[in-house]
Amino acid sequence: MKTVVLLTWISCWIDVCTSAQGRYAQKLLNDLMENYSSALRPVEDTDKTLNVTLQITLSQIKDMDERNQVLTTYLWIRQTWFDAYLKWDKEEYDGLEVIRIPSNLVWRPDIVLYNKADEEASGPADTNVVLRYNGEITWDMPAITKSSCVVDVSYFPFDWQWCNLTFGSWTYNGNQVDIAMGMDSGDLSDFVENVEWECHGMPAVRNVIMYGCCSDPYPDITYTLHLKRRSLFYIFNLLLPCFLISFLAPLGFYLPADSGEKVSLGVTVLLALTVFQLMVAESMPPSESVPYIGKYYIATMTMITASTSLTIFIMNIHFCGAEAKPVPHWAKVLIIDYMSKILFVYEVGENCTTPESERTPLYSEEPMSGNSALARNHYHDDLYHDGGCYQDDCHRLRPYQYGNGHLQNHHSTHQNHLDNCRYANGGHRDDHYSNRSNQNHHSNRSQTSKGEGGEEKREPLRHYHHIGREELDYQAPPPGNLQNGGLNEPLPYPKEKHLNPASAPACSCPCPHHKQVVYNIQYIANCFREQRATCAKGAEWKKVAKVMDRFFMWIFFIMVFLMSILIIGKAT
(Lines of atoms letter the chains of each structure in order from A; the text may use other names.)
(Lines give C-alpha, C1' and ligand atoms only; values in the text may rest on other atoms or scores of the structure.)
Protein backbone atom coordinates (compact mmCIF):
# COMPACT_ATOMS: atom_id res chain seq x y z
CA MET A 1 0.00 0.00 0.00
CA LYS A 2 2.82 2.37 0.85
CA THR A 3 4.55 1.51 -2.46
CA VAL A 4 1.48 2.40 -4.47
CA VAL A 5 1.11 5.69 -2.66
CA LEU A 6 4.80 6.49 -3.27
CA LEU A 7 4.58 5.77 -6.99
CA THR A 8 1.46 7.86 -7.32
CA TRP A 9 3.13 10.79 -5.56
CA ILE A 10 6.22 10.55 -7.84
CA SER A 11 4.15 10.55 -11.01
CA CYS A 12 2.17 13.54 -9.84
CA TRP A 13 5.37 15.41 -9.00
CA ILE A 14 6.78 14.67 -12.49
CA ASP A 15 3.62 15.96 -14.11
CA VAL A 16 3.76 19.10 -12.02
CA CYS A 17 7.42 19.68 -12.91
CA THR A 18 6.77 19.07 -16.60
CA SER A 19 3.90 21.47 -16.65
CA ALA A 20 6.09 23.92 -14.78
CA GLN A 21 8.82 23.54 -17.45
CA GLY A 22 6.26 24.10 -20.17
CA ARG A 23 4.96 27.22 -18.50
CA TYR A 24 8.50 28.57 -18.11
CA ALA A 25 9.39 27.77 -21.74
CA GLN A 26 6.29 29.58 -22.97
CA LYS A 27 7.07 32.51 -20.69
CA LEU A 28 10.69 32.51 -21.94
CA LEU A 29 9.66 32.53 -25.59
CA ASN A 30 7.25 35.41 -25.01
CA ASP A 31 9.91 37.37 -23.18
CA LEU A 32 12.55 36.73 -25.86
CA MET A 33 10.36 37.55 -28.84
CA GLU A 34 9.12 40.78 -27.25
CA ASN A 35 10.62 43.68 -29.17
CA TYR A 36 12.80 41.25 -31.21
CA SER A 37 13.28 41.67 -34.97
CA SER A 38 14.62 38.86 -37.15
CA ALA A 39 15.42 41.28 -39.95
CA LEU A 40 18.39 42.93 -38.26
CA ARG A 41 21.83 41.55 -37.60
CA PRO A 42 21.79 40.57 -33.88
CA VAL A 43 24.73 42.58 -32.56
CA GLU A 44 24.78 45.25 -29.86
CA ASP A 45 27.29 47.31 -31.83
CA THR A 46 26.76 47.62 -35.56
CA ASP A 47 30.48 47.98 -36.13
CA LYS A 48 31.09 44.65 -34.52
CA THR A 49 31.51 41.56 -36.71
CA LEU A 50 29.20 38.61 -36.27
CA ASN A 51 31.04 35.31 -36.45
CA VAL A 52 29.32 32.32 -38.06
CA THR A 53 30.80 28.85 -37.85
CA LEU A 54 30.06 26.54 -40.79
CA GLN A 55 30.34 22.76 -40.79
CA ILE A 56 29.42 20.44 -43.68
CA THR A 57 28.60 16.76 -43.43
CA LEU A 58 28.51 14.80 -46.70
CA SER A 59 25.78 12.22 -46.60
CA GLN A 60 25.55 10.99 -50.19
CA ILE A 61 26.64 11.65 -53.75
CA LYS A 62 23.44 11.34 -55.71
CA ASP A 63 24.66 11.96 -59.24
CA MET A 64 27.54 13.17 -61.35
CA ASP A 65 26.43 14.47 -64.72
CA GLU A 66 29.63 14.61 -66.76
CA ARG A 67 27.92 15.87 -69.88
CA ASN A 68 26.29 18.85 -68.10
CA GLN A 69 29.07 19.02 -65.48
CA VAL A 70 26.72 19.08 -62.50
CA LEU A 71 27.32 17.34 -59.17
CA THR A 72 24.30 16.49 -57.05
CA THR A 73 24.99 15.88 -53.34
CA TYR A 74 23.03 15.43 -50.16
CA LEU A 75 24.51 17.57 -47.35
CA TRP A 76 23.88 18.35 -43.73
CA ILE A 77 24.75 21.98 -43.10
CA ARG A 78 25.34 23.19 -39.55
CA GLN A 79 25.63 26.91 -38.80
CA THR A 80 26.40 28.33 -35.37
CA TRP A 81 26.39 31.97 -34.23
CA PHE A 82 25.60 34.09 -31.17
CA ASP A 83 22.51 36.27 -30.96
CA ALA A 84 23.00 39.14 -28.50
CA TYR A 85 19.25 39.63 -28.03
CA LEU A 86 18.34 36.01 -27.24
CA LYS A 87 19.93 35.51 -23.81
CA TRP A 88 18.30 34.75 -20.47
CA ASP A 89 19.08 33.85 -16.92
CA LYS A 90 18.28 30.20 -16.55
CA GLU A 91 17.64 30.58 -12.83
CA GLU A 92 14.71 32.85 -13.57
CA TYR A 93 13.14 30.17 -15.71
CA ASP A 94 13.48 27.21 -13.40
CA GLY A 95 16.90 26.22 -14.78
CA LEU A 96 15.74 26.10 -18.42
CA GLU A 97 18.89 26.11 -20.60
CA VAL A 98 17.78 25.08 -24.12
CA ILE A 99 14.71 25.66 -26.19
CA ARG A 100 13.92 24.76 -29.81
CA ILE A 101 11.99 27.22 -31.87
CA PRO A 102 11.24 27.64 -35.60
CA SER A 103 14.13 29.10 -37.55
CA ASN A 104 11.99 31.77 -39.15
CA LEU A 105 11.52 33.43 -35.74
CA VAL A 106 15.19 34.35 -35.45
CA TRP A 107 17.77 36.04 -37.62
CA ARG A 108 19.62 33.66 -39.94
CA PRO A 109 22.80 34.28 -41.93
CA ASP A 110 22.26 34.31 -45.68
CA ILE A 111 24.97 31.75 -46.43
CA VAL A 112 24.41 30.17 -49.82
CA LEU A 113 26.20 27.88 -52.25
CA TYR A 114 28.03 30.14 -54.67
CA ASN A 115 28.44 27.61 -57.49
CA LYS A 116 24.88 26.43 -57.37
CA ALA A 117 23.61 24.89 -60.62
CA ASP A 118 20.00 24.20 -59.68
CA GLU A 119 17.48 25.49 -62.18
CA GLU A 120 14.84 26.03 -59.50
CA ALA A 121 15.45 28.70 -56.88
CA SER A 122 14.87 27.24 -53.45
CA GLY A 123 15.22 28.89 -50.06
CA PRO A 124 16.62 27.37 -46.89
CA ALA A 125 14.71 24.64 -45.15
CA ASP A 126 12.47 25.83 -42.30
CA THR A 127 13.88 23.55 -39.66
CA ASN A 128 14.04 24.42 -35.97
CA VAL A 129 17.00 26.07 -34.38
CA VAL A 130 18.48 25.17 -31.01
CA LEU A 131 18.66 28.21 -28.72
CA ARG A 132 20.80 28.17 -25.58
CA TYR A 133 20.59 30.52 -22.60
CA ASN A 134 23.89 32.25 -23.53
CA GLY A 135 22.53 33.28 -26.95
CA GLU A 136 24.20 30.52 -28.98
CA ILE A 137 22.06 29.39 -31.92
CA THR A 138 22.68 26.14 -33.80
CA TRP A 139 20.91 25.57 -37.06
CA ASP A 140 21.07 22.12 -38.65
CA MET A 141 19.68 22.07 -42.16
CA PRO A 142 19.59 19.23 -44.71
CA ALA A 143 20.06 20.24 -48.32
CA ILE A 144 20.20 18.60 -51.72
CA THR A 145 22.62 20.74 -53.67
CA LYS A 146 23.44 20.85 -57.36
CA SER A 147 26.80 22.43 -57.92
CA SER A 148 28.77 23.06 -61.06
CA CYS A 149 31.88 20.94 -61.38
CA VAL A 150 34.56 21.16 -64.05
CA VAL A 151 34.85 17.55 -65.19
CA ASP A 152 38.09 16.45 -66.84
CA VAL A 153 37.43 13.20 -68.70
CA SER A 154 40.87 12.86 -70.24
CA TYR A 155 41.60 9.73 -68.23
CA PHE A 156 38.10 8.26 -68.37
CA PRO A 157 37.31 5.68 -66.95
CA PHE A 158 40.35 5.89 -64.66
CA ASP A 159 39.79 9.55 -63.84
CA TRP A 160 39.78 11.59 -60.66
CA GLN A 161 37.45 14.56 -60.25
CA TRP A 162 37.85 17.50 -57.90
CA CYS A 163 34.54 19.26 -57.31
CA ASN A 164 34.28 22.42 -55.22
CA LEU A 165 31.44 23.46 -52.92
CA THR A 166 31.85 27.15 -52.08
CA PHE A 167 29.73 28.66 -49.29
CA GLY A 168 29.57 32.32 -48.31
CA SER A 169 27.29 35.16 -47.31
CA TRP A 170 25.43 36.65 -50.22
CA THR A 171 24.90 40.18 -48.88
CA TYR A 172 27.11 40.67 -45.83
CA ASN A 173 30.77 41.44 -46.29
CA GLY A 174 33.57 40.25 -44.10
CA ASN A 175 33.29 43.24 -41.78
CA GLN A 176 29.71 42.36 -40.96
CA VAL A 177 29.58 38.56 -41.05
CA ASP A 178 32.71 36.51 -40.82
CA ILE A 179 32.66 32.81 -41.70
CA ALA A 180 34.84 30.31 -39.87
CA MET A 181 35.35 26.57 -40.39
CA GLY A 182 33.97 24.25 -37.78
CA MET A 183 36.32 21.45 -38.99
CA ASP A 184 39.33 21.34 -41.26
CA SER A 185 37.40 19.17 -43.70
CA GLY A 186 33.95 17.90 -44.40
CA ASP A 187 32.54 15.23 -42.15
CA LEU A 188 32.42 11.83 -43.89
CA SER A 189 31.44 9.72 -40.90
CA ASP A 190 27.89 9.23 -42.19
CA PHE A 191 28.76 8.99 -45.87
CA VAL A 192 26.78 6.47 -47.91
CA GLU A 193 28.97 4.78 -50.52
CA ASN A 194 28.21 5.51 -54.14
CA VAL A 195 28.15 2.77 -56.79
CA GLU A 196 30.09 4.86 -59.30
CA TRP A 197 32.31 7.15 -57.24
CA GLU A 198 34.66 6.76 -54.32
CA CYS A 199 35.13 9.74 -52.00
CA HIS A 200 38.73 10.09 -50.84
CA GLY A 201 38.38 13.26 -48.82
CA MET A 202 36.69 16.63 -48.49
CA PRO A 203 39.25 19.21 -47.36
CA ALA A 204 38.13 22.76 -46.61
CA VAL A 205 39.85 26.07 -47.10
CA ARG A 206 38.82 29.61 -46.15
CA ASN A 207 39.23 32.30 -48.77
CA VAL A 208 38.91 36.06 -48.57
CA ILE A 209 38.12 37.57 -51.95
CA MET A 210 38.11 41.19 -52.96
CA TYR A 211 35.63 41.78 -55.77
CA GLY A 212 35.94 44.62 -58.20
CA CYS A 213 32.54 45.98 -57.35
CA CYS A 214 33.22 46.40 -53.66
CA SER A 215 36.07 47.50 -51.46
CA ASP A 216 35.15 45.22 -48.59
CA PRO A 217 36.42 41.65 -48.29
CA TYR A 218 34.09 38.73 -48.83
CA PRO A 219 35.10 35.53 -47.05
CA ASP A 220 33.98 32.08 -48.16
CA ILE A 221 34.71 28.46 -47.36
CA THR A 222 35.44 26.03 -50.19
CA TYR A 223 35.07 22.29 -49.70
CA THR A 224 36.81 20.17 -52.34
CA LEU A 225 35.46 16.71 -53.00
CA HIS A 226 38.10 14.19 -54.13
CA LEU A 227 36.22 11.68 -56.23
CA LYS A 228 37.60 8.61 -57.97
CA ARG A 229 35.54 6.76 -60.53
CA ARG A 230 34.91 3.06 -60.03
CA SER A 231 36.29 1.78 -63.34
CA LEU A 232 35.38 -1.90 -63.15
CA PHE A 233 31.98 -1.32 -64.74
CA TYR A 234 33.51 0.48 -67.72
CA ILE A 235 36.32 -2.04 -68.06
CA PHE A 236 33.88 -4.91 -68.56
CA ASN A 237 31.37 -2.97 -70.64
CA LEU A 238 33.52 -0.68 -72.79
CA LEU A 239 37.23 -1.46 -72.64
CA LEU A 240 37.21 -5.25 -72.71
CA PRO A 241 34.80 -5.52 -75.68
CA CYS A 242 36.86 -2.99 -77.58
CA PHE A 243 40.06 -4.86 -76.73
CA LEU A 244 38.60 -8.15 -77.94
CA ILE A 245 37.03 -6.64 -81.05
CA SER A 246 40.30 -4.94 -81.97
CA PHE A 247 41.98 -8.35 -82.14
CA LEU A 248 39.49 -9.42 -84.80
CA ALA A 249 41.03 -6.94 -87.23
CA PRO A 250 44.32 -8.90 -87.60
CA LEU A 251 42.39 -12.17 -87.78
CA GLY A 252 40.75 -10.86 -90.93
CA PHE A 253 44.09 -11.44 -92.66
CA TYR A 254 44.07 -15.07 -91.52
CA LEU A 255 40.63 -15.70 -93.02
CA PRO A 256 40.96 -17.53 -96.37
CA ALA A 257 40.43 -15.28 -99.36
CA ASP A 258 38.18 -17.81 -101.08
CA SER A 259 35.69 -17.61 -98.22
CA GLY A 260 34.53 -14.20 -99.44
CA GLU A 261 34.08 -12.88 -95.89
CA LYS A 262 37.32 -10.96 -95.34
CA VAL A 263 35.92 -7.54 -96.19
CA SER A 264 32.63 -8.32 -94.43
CA LEU A 265 34.51 -9.12 -91.22
CA GLY A 266 36.36 -5.80 -91.33
CA VAL A 267 33.20 -3.80 -91.97
CA THR A 268 31.33 -5.64 -89.18
CA VAL A 269 34.10 -4.94 -86.68
CA LEU A 270 34.16 -1.31 -87.74
CA LEU A 271 30.42 -0.97 -87.16
CA ALA A 272 30.68 -2.60 -83.73
CA LEU A 273 33.39 -0.16 -82.65
CA THR A 274 31.33 2.74 -83.98
CA VAL A 275 28.46 1.73 -81.68
CA PHE A 276 30.76 1.65 -78.65
CA GLN A 277 32.28 4.97 -79.65
CA LEU A 278 28.83 6.55 -79.76
CA MET A 279 28.10 5.22 -76.26
CA VAL A 280 31.23 6.91 -74.93
CA ALA A 281 30.55 10.14 -76.82
CA GLU A 282 27.02 10.42 -75.43
CA SER A 283 28.21 10.27 -71.83
CA MET A 284 31.12 12.68 -72.25
CA PRO A 285 30.88 16.48 -72.33
CA PRO A 286 31.27 18.02 -75.79
CA SER A 287 34.65 19.57 -75.12
CA GLU A 288 38.11 19.53 -76.62
CA SER A 289 39.24 17.12 -73.93
CA VAL A 290 39.05 13.71 -75.59
CA PRO A 291 39.24 10.75 -73.19
CA TYR A 292 41.88 8.12 -73.71
CA ILE A 293 39.22 5.52 -74.28
CA GLY A 294 37.92 7.66 -77.14
CA LYS A 295 41.43 7.89 -78.55
CA TYR A 296 41.71 4.12 -78.19
CA TYR A 297 38.49 3.62 -80.14
CA ILE A 298 39.57 6.05 -82.85
CA ALA A 299 42.99 4.40 -83.15
CA THR A 300 41.40 0.96 -83.33
CA MET A 301 38.89 2.10 -85.94
CA THR A 302 41.73 3.59 -87.97
CA MET A 303 43.61 0.30 -87.83
CA ILE A 304 40.52 -1.65 -88.87
CA THR A 305 39.96 0.73 -91.77
CA ALA A 306 43.58 0.26 -92.83
CA SER A 307 43.31 -3.52 -92.48
CA THR A 308 40.14 -3.58 -94.59
CA SER A 309 41.83 -1.50 -97.28
CA LEU A 310 44.85 -3.80 -97.27
CA THR A 311 42.53 -6.80 -97.42
CA ILE A 312 40.92 -5.45 -100.58
CA PHE A 313 44.36 -4.90 -102.08
CA ILE A 314 45.53 -8.41 -101.15
CA MET A 315 42.34 -9.99 -102.51
CA ASN A 316 43.05 -8.34 -105.86
CA ILE A 317 46.47 -9.99 -105.80
CA HIS A 318 44.92 -13.32 -104.82
CA PHE A 319 42.52 -13.32 -107.76
CA CYS A 320 45.01 -12.15 -110.39
CA GLY A 321 44.78 -15.38 -112.38
CA ALA A 322 46.24 -16.12 -115.80
CA GLU A 323 45.42 -12.72 -117.26
CA ALA A 324 47.87 -10.97 -114.94
CA LYS A 325 51.56 -10.52 -115.53
CA PRO A 326 53.92 -13.07 -113.99
CA VAL A 327 55.13 -12.46 -110.47
CA PRO A 328 58.18 -10.15 -110.59
CA HIS A 329 61.53 -11.66 -109.78
CA TRP A 330 62.07 -9.47 -106.73
CA ALA A 331 58.68 -10.54 -105.38
CA LYS A 332 59.55 -14.19 -105.87
CA VAL A 333 62.86 -13.79 -104.05
CA LEU A 334 61.63 -11.53 -101.25
CA ILE A 335 58.10 -12.81 -100.65
CA ILE A 336 57.95 -16.40 -101.85
CA ASP A 337 61.50 -17.49 -101.00
CA TYR A 338 62.30 -15.55 -97.81
CA MET A 339 59.19 -14.11 -96.20
CA SER A 340 57.23 -17.34 -96.62
CA LYS A 341 59.87 -19.19 -94.59
CA ILE A 342 60.04 -16.51 -91.91
CA LEU A 343 56.25 -16.40 -91.58
CA PHE A 344 55.87 -20.21 -91.84
CA VAL A 345 53.72 -20.11 -94.97
CA TYR A 346 53.99 -23.53 -96.60
CA GLU A 347 51.97 -25.58 -99.01
CA VAL A 348 49.75 -28.44 -97.89
CA GLY A 349 51.88 -31.25 -96.48
CA GLU A 350 54.94 -29.08 -95.91
CA ASN A 351 56.48 -27.75 -92.76
CA CYS A 352 59.61 -25.96 -91.72
CA THR A 353 61.53 -29.27 -91.35
CA THR A 354 60.75 -30.63 -94.83
CA PRO A 355 63.91 -30.78 -97.01
CA GLU A 356 63.90 -28.61 -100.09
CA SER A 357 64.13 -31.60 -102.43
CA GLU A 358 61.03 -33.22 -100.92
CA ARG A 359 58.78 -30.17 -100.94
CA THR A 360 55.76 -30.27 -103.18
CA PRO A 361 55.86 -27.69 -105.99
CA LEU A 362 52.97 -25.40 -106.68
CA TYR A 363 51.77 -27.89 -109.33
CA SER A 364 53.17 -31.32 -110.13
CA GLU A 365 55.41 -31.56 -113.17
CA GLU A 366 54.10 -35.03 -114.13
CA PRO A 367 50.45 -36.06 -114.01
CA MET A 368 51.57 -39.60 -113.12
CA SER A 369 52.06 -41.39 -109.85
CA GLY A 370 55.22 -42.21 -107.94
CA ASN A 371 56.98 -44.55 -110.43
CA SER A 372 56.20 -42.38 -113.44
CA ALA A 373 59.76 -42.36 -114.74
CA LEU A 374 60.08 -46.14 -114.64
CA ALA A 375 56.70 -46.64 -116.23
CA ARG A 376 57.54 -44.12 -118.93
CA ASN A 377 60.70 -45.98 -119.86
CA HIS A 378 58.90 -49.34 -120.03
CA TYR A 379 56.09 -48.01 -122.18
CA HIS A 380 58.56 -46.13 -124.33
CA ASP A 381 60.14 -49.44 -125.26
CA ASP A 382 56.78 -51.12 -125.67
CA LEU A 383 55.94 -49.16 -128.82
CA TYR A 384 59.29 -48.56 -130.51
CA HIS A 385 61.55 -51.37 -129.39
CA ASP A 386 64.70 -52.00 -131.45
CA GLY A 387 63.26 -49.91 -134.25
CA GLY A 388 60.73 -52.59 -135.16
CA CYS A 389 56.99 -52.71 -135.42
CA TYR A 390 54.75 -55.73 -135.70
CA GLN A 391 51.94 -55.67 -138.14
CA ASP A 392 49.45 -57.11 -135.75
CA ASP A 393 50.34 -54.30 -133.34
CA CYS A 394 49.08 -51.77 -135.82
CA HIS A 395 45.67 -53.39 -135.73
CA ARG A 396 45.65 -54.23 -132.04
CA LEU A 397 46.32 -50.59 -131.23
CA ARG A 398 42.80 -49.81 -132.33
CA PRO A 399 40.42 -52.52 -131.18
CA TYR A 400 37.81 -49.76 -131.15
CA GLN A 401 37.39 -47.42 -134.03
CA TYR A 402 35.82 -43.98 -133.83
CA GLY A 403 33.07 -43.44 -136.31
CA ASN A 404 30.71 -40.46 -136.17
CA GLY A 405 31.31 -40.13 -132.47
CA HIS A 406 30.42 -43.83 -131.72
CA LEU A 407 32.64 -46.72 -130.69
CA GLN A 408 32.58 -49.86 -132.81
CA ASN A 409 34.31 -53.12 -131.89
CA HIS A 410 36.45 -54.51 -134.74
CA HIS A 411 38.18 -57.28 -132.87
CA SER A 412 36.33 -60.11 -134.64
CA THR A 413 36.52 -58.39 -138.04
CA HIS A 414 40.29 -58.29 -138.11
CA GLN A 415 40.94 -61.64 -136.49
CA ASN A 416 41.97 -63.35 -139.76
CA HIS A 417 44.19 -60.48 -140.72
CA LEU A 418 45.88 -60.70 -137.35
CA ASP A 419 46.67 -64.40 -137.96
CA ASN A 420 48.31 -63.60 -141.29
CA CYS A 421 50.44 -60.84 -139.84
CA ARG A 422 52.05 -63.06 -137.21
CA TYR A 423 55.82 -63.17 -137.35
CA ALA A 424 55.97 -60.91 -140.37
CA ASN A 425 59.27 -59.57 -139.19
CA GLY A 426 60.77 -62.77 -137.75
CA GLY A 427 59.67 -65.46 -135.40
CA HIS A 428 61.74 -64.72 -132.37
CA ARG A 429 60.39 -63.06 -129.27
CA ASP A 430 62.07 -60.47 -127.09
CA ASP A 431 62.78 -62.04 -123.71
CA HIS A 432 62.39 -58.69 -122.04
CA TYR A 433 58.78 -58.56 -122.97
CA SER A 434 58.03 -62.27 -122.74
CA ASN A 435 58.28 -62.07 -118.98
CA ARG A 436 55.43 -59.60 -118.74
CA SER A 437 52.15 -61.24 -117.77
CA ASN A 438 48.67 -60.45 -116.55
CA GLN A 439 48.36 -57.42 -118.83
CA ASN A 440 45.51 -56.07 -120.90
CA HIS A 441 44.10 -58.61 -123.37
CA HIS A 442 44.69 -56.12 -126.24
CA SER A 443 48.34 -55.59 -125.42
CA ASN A 444 49.83 -58.30 -123.26
CA ARG A 445 48.02 -61.57 -124.03
CA SER A 446 50.33 -64.23 -125.56
CA GLN A 447 49.22 -65.69 -128.93
CA THR A 448 50.17 -69.26 -129.97
CA SER A 449 50.05 -70.90 -133.43
CA LYS A 450 51.37 -73.91 -135.31
CA GLY A 451 54.35 -73.15 -137.52
CA GLU A 452 56.22 -75.20 -140.03
CA GLY A 453 57.33 -78.52 -138.59
CA GLY A 454 54.33 -78.61 -136.28
CA GLU A 455 56.02 -76.88 -133.42
CA GLU A 456 54.06 -74.53 -131.27
CA LYS A 457 55.19 -70.90 -131.44
CA ARG A 458 54.25 -67.77 -129.55
CA GLU A 459 53.56 -64.58 -131.36
CA PRO A 460 55.37 -61.51 -129.98
CA LEU A 461 53.68 -59.33 -127.38
CA ARG A 462 52.23 -55.98 -128.34
CA HIS A 463 54.64 -53.12 -127.76
CA TYR A 464 53.38 -49.63 -126.98
CA HIS A 465 55.18 -46.37 -126.47
CA HIS A 466 54.30 -43.79 -123.78
CA ILE A 467 54.93 -40.25 -124.90
CA GLY A 468 56.83 -38.47 -122.10
CA ARG A 469 55.85 -34.96 -121.13
CA GLU A 470 59.29 -33.62 -122.07
CA GLU A 471 58.79 -34.95 -125.61
CA LEU A 472 55.55 -33.04 -126.21
CA ASP A 473 56.74 -29.52 -126.87
CA TYR A 474 54.76 -28.44 -129.86
CA GLN A 475 52.34 -25.80 -131.02
CA ALA A 476 48.67 -26.34 -130.26
CA PRO A 477 46.62 -27.24 -133.33
CA PRO A 478 43.89 -24.93 -134.49
CA PRO A 479 40.46 -25.65 -133.06
CA GLY A 480 39.14 -26.39 -136.51
CA ASN A 481 41.01 -29.70 -136.64
CA LEU A 482 38.93 -31.12 -133.80
CA GLN A 483 35.93 -33.11 -135.00
CA ASN A 484 34.07 -35.83 -133.20
CA GLY A 485 36.61 -35.94 -130.37
CA GLY A 486 39.71 -36.49 -132.55
CA LEU A 487 41.92 -34.96 -135.25
CA ASN A 488 41.01 -35.49 -138.91
CA GLU A 489 43.88 -33.51 -140.43
CA PRO A 490 47.51 -34.55 -140.01
CA LEU A 491 49.52 -32.61 -137.44
CA PRO A 492 53.22 -31.77 -137.59
CA TYR A 493 55.58 -33.91 -135.58
CA PRO A 494 56.94 -32.58 -132.30
CA LYS A 495 60.04 -30.50 -132.44
CA GLU A 496 62.06 -32.81 -130.16
CA LYS A 497 64.57 -35.13 -131.70
CA HIS A 498 62.88 -38.13 -130.15
CA LEU A 499 59.76 -37.77 -132.27
CA ASN A 500 60.87 -36.10 -135.48
CA PRO A 501 60.08 -37.90 -138.75
CA ALA A 502 63.66 -38.90 -139.40
CA SER A 503 64.12 -40.69 -136.13
CA ALA A 504 60.60 -42.03 -135.77
CA PRO A 505 60.55 -45.86 -135.94
CA ALA A 506 59.27 -47.28 -139.15
CA CYS A 507 56.44 -49.71 -139.24
CA SER A 508 56.34 -52.37 -141.95
CA CYS A 509 52.60 -51.85 -142.29
CA PRO A 510 50.91 -48.49 -142.78
CA CYS A 511 49.20 -47.45 -139.51
CA PRO A 512 47.38 -44.06 -139.90
CA HIS A 513 45.14 -44.69 -136.91
CA HIS A 514 48.15 -45.25 -134.70
CA LYS A 515 49.65 -41.97 -135.88
CA GLN A 516 46.36 -40.15 -135.34
CA VAL A 517 46.15 -41.46 -131.75
CA VAL A 518 49.65 -40.13 -131.09
CA TYR A 519 48.67 -36.73 -132.46
CA ASN A 520 45.57 -36.68 -130.30
CA ILE A 521 47.67 -37.42 -127.24
CA GLN A 522 49.99 -34.59 -128.23
CA TYR A 523 47.10 -32.17 -128.41
CA ILE A 524 45.73 -33.29 -125.02
CA ALA A 525 49.17 -32.95 -123.46
CA ASN A 526 49.54 -29.46 -124.90
CA CYS A 527 46.20 -28.42 -123.43
CA PHE A 528 47.21 -29.89 -120.09
CA ARG A 529 50.52 -28.02 -120.19
CA GLU A 530 48.81 -24.73 -120.93
CA GLN A 531 46.29 -25.34 -118.17
CA ARG A 532 49.08 -26.23 -115.75
CA ALA A 533 51.05 -23.11 -116.68
CA THR A 534 47.96 -20.98 -116.12
CA CYS A 535 47.32 -22.59 -112.75
CA ALA A 536 50.97 -22.23 -111.77
CA LYS A 537 50.89 -18.51 -112.52
CA GLY A 538 47.72 -18.06 -110.49
CA ALA A 539 49.15 -20.20 -107.70
CA GLU A 540 52.20 -17.93 -107.45
CA TRP A 541 50.01 -14.86 -107.06
CA LYS A 542 47.91 -16.69 -104.47
CA LYS A 543 51.01 -17.55 -102.48
CA VAL A 544 52.18 -13.94 -102.65
CA ALA A 545 48.78 -12.87 -101.32
CA LYS A 546 48.92 -15.50 -98.58
CA VAL A 547 52.38 -14.37 -97.44
CA MET A 548 51.26 -10.75 -97.40
CA ASP A 549 48.18 -11.73 -95.39
CA ARG A 550 50.33 -13.49 -92.83
CA PHE A 551 52.80 -10.59 -92.69
CA PHE A 552 50.14 -7.94 -92.10
CA MET A 553 48.38 -10.19 -89.59
CA TRP A 554 51.43 -10.24 -87.33
CA ILE A 555 52.11 -6.53 -87.88
CA PHE A 556 48.57 -5.63 -86.84
CA PHE A 557 48.66 -8.01 -83.87
CA ILE A 558 51.78 -6.26 -82.57
CA MET A 559 50.32 -2.81 -83.23
CA VAL A 560 47.03 -3.61 -81.45
CA PHE A 561 48.85 -5.06 -78.44
CA LEU A 562 51.31 -2.16 -78.11
CA MET A 563 48.59 0.43 -78.64
CA SER A 564 46.40 -1.16 -75.97
CA ILE A 565 49.26 -1.32 -73.46
CA LEU A 566 50.37 2.27 -74.10
CA ILE A 567 46.95 3.91 -73.96
CA ILE A 568 45.57 1.92 -71.05
CA GLY A 569 48.85 2.22 -69.16
CA LYS A 570 48.91 5.97 -69.64
CA ALA A 571 45.26 6.31 -68.65
CA THR A 572 45.72 4.39 -65.42
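Glycine residues also receive a Cβ, built from the backbone N, Cα and C atoms like all the rest.
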Out of ASN35, ASN164, report back the residue that Swiss-Prot marks as N-linked glycosylation site.
ASN164
Choosing among CYS163, CYS199, which residue does Swiss-Prot name as bonded to CYS149 by a disulfide?
CYS163
Do LEU188 and GLU323 come out on the same side of the membrane in Swiss-Prot's annotation?
no
Scan ASN51, ASN351 for the residue that Swiss-Prot records as N-linked glycosylation site.
ASN51
If you look at what Swiss-Prot says, which of CYS199, CYS214 makes a disulfide link with CYS213?
CYS214
Surrounding CB atoms that lie within 10 Å of the CB of ASN51 (N-linked glycosylation site), all protein chains:
12
Under 8 Å by Cβ from CYS149 (disulfide bond), counting only residues of that chain that are 6 or more apart:
MET64, GLN69, VAL70, LEU71, GLN161, CYS163, ASN164
Kindly state the mean pLDDT of the topological domain 'Extracellular' (20-232) in the predicted structure.
89
Measuring CB to CB from CYS214 (disulfide bond), give everything in the same chain under 8 Å that is also at least six residues away in sequence.
ASN173
DSSP-derived structure type at CYS149 (disulfide bond), helix or strand or else coil:
coil
Fewest other Cβ atoms within 10 Å: which of the disulfide-bonded residues CYS163, CYS213 wins that one? Let me know.
CYS213
